[in-house]
Structure formats: structure tokens, C-alpha cells
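Visitor: Grabbed the feature section from Swiss-Prot, which reads as follows:
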type: SIGNAL; residues: 1-20; note: signal peptide
type: MOD_RES; residues: Q192; note: pyrrolidone carboxylic acid
type: DOMAIN; residues: 198-394; note: domain 'Peptidase M12B'
type: BINDING; residues: E201, D285, C389, N392; note: Ca(2+) 1 binding site
type: BINDING; residues: H334, H338, H344; note: Zn(2+) binding site
type: ACT_SITE; residues: E335; note: active site
type: DISULFID; residues: C349-C373; note: disulfide bond
type: DISULFID; residues: C351-C356; note: disulfide bond
type: DOMAIN; residues: 402-488; note: domain 'Disintegrin'
type: BINDING; residues: V404, N407, L409, E411, E414, D417; note: Ca(2+) 2 binding site
type: DISULFID; residues: C405-C434; note: disulfide bond
type: DISULFID; residues: C428-C451; note: disulfide bond
type: DISULFID; residues: C447-C473; note: disulfide bond
type: DISULFID; residues: C460-C480; note: disulfide bond
type: DISULFID; residues: C467-C499; note: disulfide bond
type: BINDING; residues: D468, P469, E471, D483, V484; note: Ca(2+) 3 binding site
type: DISULFID; residues: C492-C504; note: disulfide bond
type: DISULFID; residues: C499-C504; note: disulfide bond
type: DISULFID; residues: C549-C556; note: disulfide bond
type: DISULFID; residues: C556-C598; note: disulfide bond
type: DISULFID; residues: C592-C603; note: disulfide bond
Amino acid sequence: MIEVLLVTICLAAFPYQGSSIILESGNVNDYEVVYPRKVTALPKGAVQPKYEDAMQYEFKVNGEPVVLHLEKNKGLFSKDYSETHYSPDGREITTYPAVEDHCYYHGRIENDADSTASISACNGLKGHFKLQRETYFIEPLKLSNSEAHAVFKYENVEKEDEAPKMCGVTQNWKSYEPIKKASQLVVTAEQQKYNPFRYVELFIVVDQGMVTKNNGDLDKIKARMYELANIVNEILRYLYMHAALVGLEIWSNGDKITVKPDVDYTLNSFAEWRKTDLLTRKKHDNAQLLTAIDFNGPTIGYAYIGSMCHPKRSVAIVEDYSPINLVVAVIMAHEMGHNLGIHHDTDFCSCGDYPCIMGPTISNEPSKFFSNCSYIQCWDFIMKENPQCILNEPLGTDIVSPPVCGNELLEVGEECDCGTPENCQNECCDAATCKLKSGSQCGHGDCCEQCKFSKSGTECRASMSECDPAEHCTGQSSECPADVFHKNGQPCLDNYGYCYNGNCPIMYHQCYALFGADVYEAEDSCFKDNQKGNYYGYCRKENGKKIPCAPEDVKCGRLYCKDNSPGQNNPCKMFYSNDDEHKGMVLPGTKCADGKVCSNGHCVDVATAY
């Protein structure tokens, strides 16, 4: 039996319309005053935690009733989350705060399938929600003895600088065809089925300028970073990504690098510091520097492309140019998108009626959606580069808070969790106890069919290539066995290539991916340009210097293709972009000669390469 506790707050019958007010989000020139009413459902006799796992609020927007459903973002912090700041004398102070009972939520609006919400409930409700295809912000008015909140739109916040803002990544494409092709591709339902979530362990660094900007209030800075991470987490789920905050470092006694308006200098400096300092202290996948400095020109963010999991380049820098959390979080998600191999959108790309996250300029309304191009490029990066660091999924045993039956999270001690009895749609699961119903062997999993284990030999994960055999159910478990690849170096595609991390990389496929049909591997003579060591022809980079290929290594540098497509006659076609010099290089593991593969810009014996 569920006992419903109503926490009733006076709800204005006709919301007050305000003309202008100064809030944390800025000077708002048109807003609506609402009085949220909280409705909490707890099992009878249960002790109410400080912040429930699920909450519901009712209020009015434009005179119409709104029901906001919230669920705690339990994956916001990693189990080993840490915070570091520095004493005035420079001493490093690292703590591991208890963050299980936090106050950061994702949610939706009742009866609005297209709605989303990201809310901090620490002191009233602060955040944003999408209602009937429009984004609204909500924030406490901080009046004494009042539960009044302001609801407003982004367009009603006064902007200090109306000039267009943009990402610092510039695209100097030799051809827009790869983007055009990506916009026309469709990821099949079968591919989506076998596309597991990726998990980015995010580390945020805050520079001293941010400390000064916030008058040294470290608690205020921490709260803002939590809110930003919560929004980034919400945005990334559309890419089948989950971002967990593993650490926060505040440069409270001085910057650890020289932070300059020059984004190239600052990004490289931060990347080097991350590699030589931060990574030696804290394991993480991706780091972002938030700074109060005003970058040169209209730039507010900058990142390396296709660098996720790289020990140095898996970083981004973001200017904290707006007091509105959603606006800054969008830039953080945008720059992480670059790290995930995503380029700026073009006219060929779409995300419905909304502005897209990866647009090169910041739109008048904050974006929250990745385009079709972004999804394909991210998928392509993951499949080709196989970044290993984002594959480690947090286990159920990593959830340190007590299990809560009905929250749709499978936790320790539960056999299943399909939500509340009213919402459960799993015929195998008893929603009241989170145990399997009598006669059921399973309630979920790729090897669970009609509450029974799938027959032994049933395919549960398709083969993605000759080097990635399909996995089959064992008949003894509801889970598909772990994804296993053929051994690196095993011949594939009739000896045209060798297996590498589940793929069979050959130059023909790489030419096709860059330029399309009727394009093939070029003659050996074309690859001699890689001996020049110039801006495009080289084998690898060491300390920022481009190293020319040795004669025996020329097929492990820039990729050259022969274009036989209609209207083309280019025997030595190559791809080069200033903003992503790595794109167009021969991929690691590619066959460069009989019995040899590319490894770190060298053509080495396959027997010793792995």
C-alpha cells in the first residue's frame, strides 16, 4: 500500500506576471511567479530521505496546470568522486565527499512525450524544463518565508553581449562530402540494439578567475559545477552516452597553467598539464577547464577532434560566459562532442525543429539535441577508433545508496525493477517486491524471452565484422556473453588485412569512408609524399613536430586514394583538415605490406605488433 504525503503550498490561482527582476541567471525582464506544490509518494512507514529518489511537483505555467516528475540522477557522481582545492600556501587538499544523497534530478512533464527537465532541488527548484516544445527556466525568488519561484524564457534574459558566440574549432574541409553522406545515413534498429551505452568519466577543473568571479565562495562554485554536469549528462544521453563526474579541482590559490585569451595556447597548456599532472593523480576519461577569461574574438569553447581517451588531447576549454547553466552546459557538451569525433553541422544536418548542439555558432535559444550527422559521426568514431576508456560500465554494486524498489534501476538485492506498480509494464516482474514472478527465470536482458532464458545458441550480439564474431546465449543466463574479438593480427578479408580490435582495417574501406564509391587505394608512388614531413605528409607527431616517414613506413602516414568517380581523375587524392590533422591518416592496424601492419607510424611485423 502506498501512502501519499501532500506537502501543500499555497498555489496562486492566477500567476503573477513580473516585469523585471535580478536572478542568479541574470536580469530577467519578463517572468511569471509560481508556487510549486510538492506531492511525495512513499511506502507506508518509510523514513523520508532528505532528497527522495523520485519527486513530483505541481504548478501553473501560463495559467495551465503542469505536473513535473523528477528522478534523481543516480549516475551523476562516480563512486570514487573527489574534490581538490588549494590552501593559501599552495597545499593540495583532496576530499571524498558523500554525494549519494544529492539533489540533482532529470525529469519530464506529465502528458508531454517530448518534454525534458534538468533540475536542482537543493534550495527550491532551479533549472529548466521543456514544455510544449518551448524551453522554460525556473528559479527561486529567494523571498523571505515564501515558496515563490520565477518561470521565464531564455529570450527574456537580458544579454550583456548580443554578438554571436562560436566554437573555436574551424573547419577547412577539402570536401563536404563526408558530412553530406553522414546526413543521409540511417543507423538501423539492429545496430542500435548492439550499441551499448558508453560511459565518460568527466573531470572538471575551475581556474582562479572563476574563484575571483564568485568572490572565493567554493561551495557556490561546486554547486554550479554539479548543475552543469547534470545538464551535460542529460544532453549526452541522446548519443547513448552517460557522463559521470569523477572529480572537481578548483585552482583556489592560483592557476596551474597560464590561462590566456589565445585558445590554441590555453588548450595545449591544459592538455599537457592534464597528461603530466592530473592523470597521475586521478583516473578519468575526459577533462574540461572552465575559465572566467574572455577568449579572443567570439570564441567560447575549443577542443581537439576525435581525441576521447587520448592521454593528452582528451580535453576541452570552455569560457563561463553566461550565468545561465544550460547555456554553458551546451558548450561543454558541444566540445565533448568534438572529442567524440563529431564535426560542426552543415546545412545537410538536422535535429528536427530545434537548433542543434554542434552548430558552429550559438543560437538564440540553447540547443539540447545532436543532429543526425552528429550521431553518425560519433558512431563512426567509436566503431573505427574503438576508444577503450569509455567502455567500462559502472556495475550495480557501484551504487552505494540503498536499493529502492520502484526506481527502475536494478540494484543490489533486486531481481528486477520495472518502476511503480502503476507504471510497470514488465510481465515477469513483481513491481511491489522487485522479485521475479513465480515461474519466471528472468525479467530483462538480451537473452530473456517471455520471462525465460533464450535457448542456447540464440544470437544476442551480431557480428560487426569478420574480426568480431557474433555472441550467442548460453541458455543459463539472461545476459549476453561479453563481446569477444578475434586475436589482433589474425588475417581477414582474404588476407587483404589483419584483425585489429574487432575490425579489419584496409585502405580501400578507409578511402570509401572519406570519399565514397569508386575510390580505391592509390598506387605506391603516391605515398612517397609522406617522406616530406610537411603539413600533410608525415608519419607521426612527436612533441608537436611532424616526423617524416622512413621509406619503409610511407604507407603508415597520410592515406592516398585513387578517385575513379565520374568527372574525377585524381590518382593521388588525400584528405587534410587544419582543425583535425589526424583525420585522413592511415588507421592503426592497417596492412602496410605482407605480414606487416601500421603501429604508431611504423610498418612493423604483425607477429610483434601486438
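Quick reminder: no glycine exception, Cβ is built from N, Cα and C everywhere.
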Visitor: Quick one: Cα separation, D285 (Ca(2+) 1 binding site) versus E335 (active site), in Å?
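Guide: Just about 14 Å between their Cα atoms.
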Visitor: Quick one: which residues besides E201, D285, C389, N392 have a Cβ within 8 Å of the Ca(2+) 1 site's Cβ centroid, in sequence order?
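Guide: Close Cβ neighbours, site residues excluded: Y199, V200, K283, H284, N286, C309, I390, L391.
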Visitor: Sequence order is fine: just name those recorded positions in E201, E335, C373, E414, D417, C592 with a Cα within 10 angstroms of C405 (disulfide bond).
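Guide: Among E201, E335, C373, E414, D417, C592, the ones whose Cα sits within 10 Å of that of C405 (disulfide bond) are E414, D417.
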Visitor: Sort out for me which one of H334, C434, C492, C598 has the most neighbouring CB atoms within 10 A, since those are the recorded positions we care about.
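Guide: Checking each of H334, C434, C492, C598, the winner is H334.
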Visitor: Could you name the residues, excluding H334, H338, H344, of the same chain that surround the Zn(2+) site, i.e. Cβ within 8 Å of the Cβ centre of those residues, in sequence order?
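Guide: These residues sit around the Zn(2+) site: C167, V169, G301, A303, I305, E335, G337, I342, H343, I357, M358, P360.
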Visitor: Go ahead and report the DSSP secondary structure tallies for the domain 'Disintegrin' (402-488): helix first, then strand, then coil.
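Guide: Once the DSSP states are binned, the domain 'Disintegrin' (402-488) shows 0 helix, 15 strand, 72 coil.
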Visitor: According to DSSP, folded down to helix, strand and coil, what is C556 (disulfide bond)?
Guide: helix
Visitor: Secondary structure at C373 (disulfide bond) (DSSP, helix/strand/coil)?
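Guide: The three-state answer is helix.
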Visitor: Which one is it, among the recorded positions E414, C460, C473, D483, C592, that lies nearest to E335 (active site) by Cα separation?
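Guide: In terms of Cα distance, E335 (active site) lies closest to D483.
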Visitor: Using an 8 Å cut-off from the Cβ centroid of D468, P469, E471, D483, V484, can you name the remaining same-chain residues around the Ca(2+) 3 site, in sequence order?
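Guide: Leaving out the recorded residues gives R461, S463, A470, P481, A482, F485, G502.
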Visitor: If you count other CB atoms within 10 A of each CB, which of C349, C356, C373 wins among these disulfide-bonded residues?
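Guide: The residue with the most neighbouring Cβ atoms within 10 Å is C373.
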Visitor: State which of the following recorded positions has the fewest other Cβ atoms within 10 Å around its Cβ: E335, D417.
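Guide: Per-residue Cβ counts within 10 Å for the recorded positions E335, D417 bottom out at D417.
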Visitor: What recorded positions among H344, D417, C447, D468, C492 are found with a C-alpha within 10 angstroms of that of C499 (disulfide bond)?
Guide: D468, C492
